[in-house]
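Per TrEMBL, the features are:
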SIGNAL    1-19  signal peptide
BINDING   ASP64, HIS175, THR177, GLU330  Mg(2+) binding site
BINDING   ASP64, ASP335, HIS339, ASP376, HIS377, HIS452  Zn(2+) binding site
ACT_SITE  SER114  active site, phosphoserine intermediate
Amino acid sequence: MKVSSLLIICFCLISRALGKPRFPEQEKDPKFWTAWAQRTLKNALTLQTLNTNIAKNLILFLGDGMGVPTVTAARILKGQLSGQSGEETLLEMDKFPFVSLAKTYNTNAQVPDSAGTATAYLCGVKANEGTVGVNAAAVRSQCNTTKGNEVTSILRWAKDAGKSVGIVTTTRVNHATPSAAYAHCVDRDWYSDNEMPADALETGCKDIARQLFENIPDINVIMGGGRRYMFPRNTPDAEYPDMAKHNGTRKDGRNLDFKVTAKGHYVWNKQQLLSLNPSNVDYLLGLFEPMDLTYDLERNDETDPSLTEMVDVAIKILRKNPNGFYLLVEGGRIDHGHHEGKAKQALYEAVEMDRAIGRADLMTSIHDTLTIVTADHSHMFNFGGYTARGNTIFGLAPMLSDVDQKPYTSIIYGNGPGYKIVNGVRQNITGVNYLDNNYQAQAAVPLVSETHGGEDVAVFAKGPLAHLLHGVHEQNYIPHVMAYAACIGQNREHCTTNGGAAGLRPIVSSIAALLTVSRLLC
């Protein structure tokens, strides 16, 4: 142990003794930074002319668990994957001109869960943890509190306005985030009737998978995982017929498989998905795993579509509608990686979602498409330790702990499964492969599953009326802005003024005039 520690110290000293800065030579020149800042300033000044068009299309990218530390770490990872040091890299979401913060608490929870938050940013009202598509009068797991407390989502508002609508996720399509778009359920875990208590079934509550097909008829695009919840119990899975754990779960004998028509298709693998001609598809159900999709790091590129590929197909289908579309895209497994303490999995998921954001940007226009990127909540994830510029984001801090004289990684969790004590003291990770895809970063408090964080999350916005997302807001403000921009739902009286542009009332214009915006573009 002592020899290993000495080697690490010597390595750090030798690296510093070489004297070569680990940053580009041009950064030594003040003119480099001045010129960059001036370019950024010029870009920011262009934002004084606000985009007040009506938003024909609406896209919400939701990084589940993508708190600000995750965004920063994903930025560094993206750059390092491209051979750069990483810190100076721009994520696609970094290029959005307007950024604000959202307060994520649930009505009954200081640190929220993904169900209550989904109800906020999709339905426009805050709700209790564990519930989807119902207001705060509904009590988790109490079926008889559902009726009369249902709230509708922006996906429903868009559908009622004649737009095409879609959901794309890397989790189950009946998981917390997507389910708030169409379901009204007092328990996020009621995936199928198999997971529901007898009294809830007797009282008349419906499972979430069933509501996906019954509540909002003709959702145009649904892609993600969750096959097992759509088929009768013990029905073998199409992809894993010999693995009983992936069999269907439904006790009611229903087969919720998509009804294939001339322009309606059901697919369960990448080849089937990419063989479709979007021009001939009006409805698509893609269920690519029995439960959640695999992590992007472990994805079989031959059989499993990436989030970017799913988004590409979804937009090609949805944009055919002359009235426009609403699309919800969830990078859902960022959250799962963090819960497992597997930072590498989480950050690669975030980078893949950023690729999907870039693809959507190429396929749409800021003139008629409002795009928002945000998170439902954060996690107990962070990184530090005075690491040098360009240090691999998954690497060690440059110094040993001055308390136990052991190395530690820059990435640390506040709690979670990475807490490890060996012979009564903190584990020495000198001989541990901390670059492994499934390495569980050290945590301060032992838990089977790492928890969410309670801080505000970032909201990135571009397109028509994106400037309305500024400052600090309640999370449920988000769908109201999107609906206002698209002239759907309530507050539509402004849509017939100014020759078809979304005429802003004086109070809104006054707020916009007070905005101070910095656009982080080079």
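Each Cβ is built from the backbone N, Cα and C atoms, and glycine gets one as well.
All features noted in TrEMBL, drawn onto the structure.
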residue : record              : Cβ contacts under 8 Å, 6 or more apart
ASP64   : Mg(2+) binding site : SER114, THR171, THR177, GLU330, GLY331, GLY332, ARG333, ILE334, ASP335, ALA375, ASP376
HIS175  : Mg(2+) binding site : SER114, THR169, ARG188, TYR191, GLY224, GLY226, ASP292, GLY332
HIS339  : Zn(2+) binding site : GLY65, HIS379, GLY416, SER449, GLU450
HIS377  : Zn(2+) binding site : GLY65, GLY67, THR104, VAL111, PRO112, ASP113, SER114, THR117, HIS452, GLY453, GLY454, VAL457
Cβ atoms near GLU330 (Mg(2+) binding site) (within 10 Å, other residues, all chains): 29
Other same-chain residues whose Cβ falls within 8 Å of the Cβ centroid of ASP64, HIS175, THR177, GLU330, the recorded Mg(2+) site, in sequence order: LEU62, SER114, ALA118, THR169, THR170, THR171, ALA176, PRO178, GLY331, GLY332, ASP335, ASP376
Other CB atoms within 10 A, centred on ASP335 (Zn(2+) binding site): 29
